[in-house]
C-alpha cells in the first residue's frame, strides 16, 4: 500500500511561460527507494520540493497516508546536497537540533542523536566540530539529522553530488544499509546514471519542458546489495550494464529531442 501518493501533479512558477511539471502520477510505499533522474529542465528538484511541502502544486494533489501535504513537516525528512549544518555547534548538537526545536528533552534527544550517529558509522564523533569533518562525514551528519526526527519518508536532493567518486560510492552503500535497517521509504533525485540504477527499486526517468514521466523502471540492484551481494559484483553484472546503457540512451534521447525543438 502506498504511503505517499502524487495524483496528476502539475506545477508552474509565477511569471513562467510554461509549467515545470505536468501530469505526474507517482506512489511511494514501504521498502521502496524511488529515484528520479532526468536532464536539466525535467523538474527533479521541483518534484522533491512539492513532496517536501516547500511549494504547492498548481494542479493535482499530494497525500501522505491519505492526508493532503500542505507544507513542510517532520514526517518528511530532507537531506540536501548542501548539508546546511550549523558550524558553531558540534556534531551531536547538529543531529539533535530538530528534536530540540520540537521540545524534546535533552537526555532523550542526545540519546536519539547518538543512535543515529552510530547508524551512519559516526559513533564517537559527537563532540567534533563541523569544520573538522570531511565532505562525506558532513553528509553522514546531515543524514543522521534527518533520521533523528523519525520521519515517515526520507527525501534526498542530489545528496552526493558534491562528493568525490570514492566517497560517493561509500555514501551510496551506506544509504542502502540505512534504508535496509530503518525500512523507511526514500525519494532521491540525482543526475548520476550509475548511482540511479544502483540505488533504485523504482527509477523514474523524467523528460523536460514540462517535466513529465517518460519511463518507470523496476530494479533490484539496490536490494541485492542490501542482501549482501558486493557492489563490484552487481556493477559488473551484464544486466546492470545493459540497464545503465538503456537509461543513458533514454536520457540522451530526451536531451537531444529538447535541443531540436
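Every residue, even glycine, has its Cβ placed from backbone N, Cα and C.
Annotated domain 'ABC transporter' per Swiss-Prot: 4-233, in sequence order. Residues or ranges marked as ATP binding site by Swiss-Prot: 38, 39, 40, 41, 42, 43, 44, 45.
By the criterion of other Cβ atoms within 10 Å of the residue's own Cβ, the least surrounded of the binding-site residues 38, 39, 41, 43 is 41.
In the three-state DSSP scheme, residue 43 (ATP binding site) falls into the coil class. Of all the binding-site residues listed (40, 42, 45), 42 sits in the most crowded Cβ setting, with the most other Cβ atoms within 10 Å.
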